[in-house]
Amino acid sequence: MIICPICQSALSLQNKQWSCDKGHCFDQAKEGYTNLLAVQHKHSKQPGDSKAMLQARQHFLNQGHFAFLATAINKVLSQYSAQNIVDLGCGEGYYTQTISKQQSNANSVIGIDIAKDGIRMAAKRCKQAQFFVASNHRLPIADNSIDFTVRVFAPSDNQELLRISKPKAYLLKVVPGAMHLSKLRTLLYKDLQAHSEQAEDMPGWQLLEQQKIAQLATLNRPDMNALCMMTPFAWKKNKELEQHLKSQDDFEMNFEFVLQVYQRQ
C-alpha cells in the first residue's frame, strides 16, 4: 500500500526501515513515523504549519472543544464500514487517533502531513496508525488501495485522490460552516463574509450526503489564545483583538462544520 516516493515501487517494512526492490531505503524515526517527502519536492525548508501553530492546535484540541466533530467523523466512517483509511493533512494527529481507536475493525489507518513537526507529534500520541511526512499532491500510496479518505480543512489534488482510491471508495471532506468562528472573525474583519457551504464539484466523485453540526463553547484565555494561534488568524491579529484577549478571562465562541461525503464513480 505504501510506495517509494522516488520510483513508485512498493515499499516493505523490515527492522524499522521501509525499502523498495530498487534499493531506496527510508528509516523510521524513533517516534515511529517515516519521512517520505523527497527533497526535490520540498518548496521550503520547513513546509506545512509551523511548530507553534501545531502546538497551539494540540493544546486546543486536547481540551475537547472539537470532540463533537471527531464523533461525527467516526459516525460517518462506521456507517460506510471503512477498511483502509487515510487522514490527509492529519497535522498533530488528533482526528487520526480518534479514528484509530473507534474504527477498530479497519485494516489500516494512515496519517499524512507535509509538516514534519506535526507528524512527529501525531506518531507520539497514536501508536495504532502509520504516519508519513509527505505532500498531499504526491501521496506515497499505491493505486486503488484506499477505501476511505478523510480531509479535515486539508487541501489536496483531486487526481491523486482518484488514483489512490478504490472503485466506489468514499471521501469525507470537513469544511467550515457559514458562521464558523464568527464571534472571532468580527474582531478581525470590518465586513464579515460567511463561509460558503456549497459542496465542491469534484470530477470523478458523486456527493452522497452533507450535514452540518454546530456547538457553542466558553473558552478560557489560554484556550482562546491557542485558537487564535492555530488558525490563519494568527497572521491577522489587530489591536482590537489583542485588547479583547487581554480584557476578559472567558470567551463565548461558536463552531460550525459541514461534513460532505463523496463516492468515487
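Backbone N, Cα and C atoms are what each Cβ position is placed from, and that goes for glycine too.
As recorded in TrEMBL:
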BINDING   CYS4, CYS7, CYS20, HIS24  Zn(2+) binding site
BINDING   PHE66, GLU92, GLY93, HIS180  S-adenosyl-L-methionine binding site
DOMAIN    3-45  domain '23S rRNA (guanine(745)-N(1))-methyltransferase N-terminal'
DOMAIN    85-153  domain 'Methyltransferase'
If we skip the immediate neighbours and take only residues 6+ beyond the ends of the domain '23S rRNA (guanine(745)-N(1))-methyltransferase N-terminal' (3-45), which ones have a Cβ under 8 Å from one of its Cβ atoms?
114, 116, 119-120, 122-124, 127, 130-135, 138, 140-142
Quick one: Cα separation, CYS20 (Zn(2+) binding site) versus GLY93 (S-adenosyl-L-methionine binding site), in Å?
27
Densest Cβ neighbourhood among HIS24, HIS180 (binding-site residues), 10 Å radius:
HIS180
Compared by Cα position, which of the binding-site residues CYS4, CYS7, HIS24 is the closest one to PHE66 (S-adenosyl-L-methionine binding site)?
CYS4
Nearest of the binding-site residues to HIS180 (S-adenosyl-L-methionine binding site) by CA-CA distance, picking from CYS4, CYS7, HIS24?
CYS4
Among the binding-site residues listed here, CYS4, CYS7, which has the most company in the form of other Cβ atoms within 10 Å of its Cβ?
CYS4
